[in-house]
Amino acid sequence: MDRVLPFRFAEEEGVFWLLDQRRLPQEEVYVPVRTAREMAQAIRDMVVRGAPAIGVSAAFGMVLAHLAGEDLEEADRRLRASRPTAVNLFHALDRMRPFWGDLAGSLLEARRIWREVEETEAAISRHGAQVLWGQVLTHCNTGPLATGGYGTALGAIVEAYRLGRVRHVWVDETRPYLQGARLTAYELQKAGVPATLITDGMAGWLMARGAVDAVVVGVDRMALNGDFANKVGTYALAVLAHHHGIPFYAALPLSSVDPRLASGEGIPIEERSPEEVVAFRGVRIAPEGFPAYHPAFDVTPHRYLTGIITEKGVLYPPFAEGLRRALGLD
């Protein structure tokens with residue numbers, strides 16, 4: 001896959017360069033981040049997004065805090081508050097804590113986290129490719145831009161295409177931030193995978209016409225029973241796929257599983273500014289003063305899942321047993 005990575009670290013400059021994903025696909029612009037404060041703001045503003053990529057960025061945010069002489073407790077707090085739903089953020093910061101005050105150790109651990117993301121996603125792509133075929137539908141963005149590695153759901157799709165199993169991809173535009181239209185379409189085009197963009201509301205009609213053979217999505221946080229949070233709109237896709245008898249898969253690294261949660265009821269759902277719904281790139285698309293509601297994620301019950309694609313293989317029901325075993329909790 002012709003990867004465009006969401007970041008790079010210039011150690012000699014003490015700068016973490018982020019590809020500003022808000023400006024894609026029209027422009028590929030990298031912005032410099034020099035402090036943990038700036039990193040937290042960049043994560044909040046979605047300069048960088050996607051659960052694994054946020055985790056890697058937060059880890060390097062703590063490296064920047066050392067380099068900039070910031071208060072480490074405050075830096076950690078700011079980064080944790082930047083996006084509440086993606087559990088990878090918290091896992092990465094937990095791993096960085098033992099290295100507070102140790103710049104060299106912090107840098108080694110941040111690089112280790114990034115390397116593990118790449119290794120994990122290569123495995124997810126291999127396993128996921130074995131269960132996808134024909135025409136596949138996906139939602140939001142789960143490629144290298146969202147992860148810093150090879151991608152989760154999109155990595156599996158690209159590998160399945162390479163193996164001759166998948167022939168075409170339906171890409172939900174993913175309102176209101178248009179991650180599908182702006183980012184997934186961009187990555188699939190670079191990878192040379194045949195794909196077609198659709199509005200979110202078209203998915204059910206395509207399923208009814210027999211034009212979808214499987215659905216695969218990413219995960220921002222999964223509970224131990226398999227309930228999971230992903231970009232808002234995922235729940236509707238799961239219900240539609242179930243109604244039409246279409247396999248529905250979630251692809252994720254096991255680091256996206258929150259072992260503290262027995263079910264999806266405890267997953268915090270980020271609510272973003274209504275302005276992101278009523279306006280796009282500064283252009284208002286709704287009447288002035290008209291209210292909007294903007295939960296960034298929804299929770300899909302595990303009963304709608306056919307399988308969970310992880311770096312250790314594809315898990316099938318009962319998911320609680322499989323996840324506990326994969327996490328080494330039994």
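Including glycine, each Cβ sits where the backbone N, Cα and C put it.
From a predicted model like this one, the values you see are computed outputs, not experimental measurements.
Copied over from Swiss-Prot:
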ACT_SITE  ASP220  active site, proton donor
BINDING   ARG49, GLY50, ALA51, ARG83, GLN179, ASN230, LYS231  substrate binding site
SITE      CYS140  site 'Transition state stabilizer'
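Annotated features taken from Swiss-Prot, shown on the structure.
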| residue | record | CB count, 10 Å |
| --- | --- | --- |
| ARG49 | substrate binding site | 26 |
| GLY50 | substrate binding site | 30 |
| ALA51 | substrate binding site | 27 |
| ARG83 | substrate binding site | 24 |
| CYS140 | site 'Transition state stabilizer' | 28 |
| GLN179 | substrate binding site | 26 |
| ASP220 | active site, proton donor | 29 |
| ASN230 | substrate binding site | 28 |
| LYS231 | substrate binding site | 26 |
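Put simply, ASP220 (active site, proton donor) is 11 Å from ARG49 (substrate binding site) when counted between their Cα atoms. The substrate site is set by ARG49, GLY50, ALA51, ARG83, GLN179, ASN230, LYS231; from the centre of their CB atoms, other residues of the chain with a CB within 8 Å are ILE54, ALA86, CYS140, ASN141, ALA146, GLY218, ASP220, ALA296, PHE297.
Listed recorded positions near ASP220 (active site, proton donor): GLY50, ASN230 (candidates GLY50, CYS140, GLN179, ASN230; Cα-Cα distance within 10 Å). Residues ARG49, GLY50, ALA51, ARG83, GLN179, ASN230, LYS231 are recorded as binding substrate; their most distant pair of Cα atoms lies 17 Å apart. Rounded to a whole value, the Cα-Cα separation of ARG83 (substrate binding site) and CYS140 (site 'Transition state stabilizer') is 17 Å. Here is what falls inside 10 Å of the CA of CYS140 (site 'Transition state stabilizer') among the binding-site residues ALA51, GLN179, ASN230, LYS231: GLN179, ASN230, LYS231.
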